[in-house]
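**Q** Sharing a structure with you now.
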Amino acid sequence: MKLAPLNTVQNAHEDSIWTAAWVPATEDSGPLLLTGSLDETVRLWNPDGPEKVQTNTGHCLGVVSVAAHPSGRIAASASIDSFIRVFDVATNNTIATLEAPPSEVWQLQFNPQGTTLAAAGGGSASVKLWDTAEWKLIATLEVPRPEGLKPSEKSGSKKFALSVAWSPDGRQIACGAMDGTISVFDVPRAKFMHHLEGHCMPVRSLVYSSAPLDSRILFSASDDGHVHVYDAERKTLITSMSGHSSWVLSVDVSPDGAAIATGSSDKSVRLWDLKMRAATQILTGHSDQVWAVAFGPTLRTDVRSCLLASASDDKSVSFYKYS
């Protein structure tokens with residue numbers, strides 16, 4: 001397995017790029033990349049070229065997360081302005097605007113079935129779920145406070161919810177917090193199940209395995225410099241991988257489930273072989289921290305390959321071929 005650098009778009013935004021996500025192909029369009037930036041815009045890119053398809057305005061502060069619906073027709077962006085904007089990918093028309101209290105929307109993720117949008121609730125120490133038919137808030141999954149604290153101490157002990165990931169069957173959600181804990185929830189019952197422990201610093205990115213037999217496997221990226229591999233159902237830490245010299249800001253899993261990519265504040269993108277449990281490639285094309293890595297769908301021309309995108313504080317977006 002390897003990553004072959006393809007192209008880099010310099011000055012893809014006017015400020016730091018904090019988030020990226022792929023929009024699946026539709027009948028009208030191939031897969032597109034969404035990026036969100038401190039410059040308050042969301043941009044859409046065609047990787048062939050690569051070329052900018054459109055720029056979406058509508059937020060009045062930096063964009064912290066973008067997510068695409070599995071249909072490829074709608075997407076959502078979350079900003080420090082406390083709004084989630086849901087929009088039509090093709091026309092950029094606003095479909096819904098979801099409001100939250102200040103600093104209570106961070107990472108967004110649609111469930112694999114496309115029926116629910118989850119948002120890590122920041123200072124609310126919760127995950128909020130909106131239904132995608134009427135855009136109503138349908139559940140708030142509260143991250144429990146540490147045991148042994150009196151209710152009076154509750155305010156100081158809240159867990160700031162940063163990251164969120166859905167299991168492939170859509171029945172579980174994992175939420176990463178500022179204190180390094182990961183909470184796992186049973187979505188149909190809207191119940192907290194358990195914590196996954198092992199990180200000691202913020203968990204900024206989570207993703208479940210895409211391999212059919214490994215759907216319980218959860219990957220986490222943390223400011224402690226480690227990538228953890230958990231069995232999210234059995235509450236076990238399978239392995240911890242290190243190599244980045246600074247915070248690990250983003251993790252994503254390849255469509256074949258054989259590799260993960262990570263982006264770090266050490267300015268590198270790394271490719272990790274999960275069988276070897278080690279980084280097999282280090283890419284140093286960015287000149288500032290890498291906030292987002294995202295694997296795209298498999299290529300139509302070669303089903304064993306796909307694209308990877310990375311986005312950075314250096315305002316650039318880079319594309320690679322994974323094979």
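Placement of Cβ uses the backbone N, Cα and C atoms for every residue, glycine included.
Annotations in TrEMBL come from automatic prediction, not curation.
Not measured: the values here are computed from a predicted model.
So TrEMBL has the following annotated:
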- 10-55: repeat 'WD' (REPEAT)
- 56-97: repeat 'WD' (REPEAT)
- 154-195: repeat 'WD' (REPEAT)
- 196-240: repeat 'WD' (REPEAT)
- 241-282: repeat 'WD' (REPEAT)
- 283-323: repeat 'WD' (REPEAT)
**Q** Would you mind listing the long-range same-chain contacts of the repeat 'WD' (56-97), meaning Cβ under 8 Å and 6+ residues beyond its ends?
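**A** Long-range Cβ neighbours of the repeat 'WD' (56-97): 15-16, 18-26, 28-29, 31-32, 34-44, 103-110, 112-114, 117, 119, 130, 132, 135.
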**Q** Sequence-remote contacts (6 or more beyond its ends) of the repeat 'WD' (154-195), Cβ cut-off under 8 Å?
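**A** That would be 106-113, 115-116, 118-127, 129, 139, 141-146, 201-210, 215-216, 218, 220, 222, 224, 230, 232-233, 235.
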**Q** For the repeat 'WD' (56-97), what's the model's average pLDDT?
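**A** Average per-residue pLDDT within the repeat 'WD' (56-97): 95.
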**Q** What residues elsewhere in the chain lie close to the repeat 'WD' (283-323), defined as a C-beta under 8 angstroms and at least 6 residues from its ends?
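**A** Sequence-distant neighbours of the repeat 'WD' (283-323): 1-22, 24-25, 30-31, 33, 35, 37, 45, 47, 50, 246-247, 249-256, 259, 261-271.
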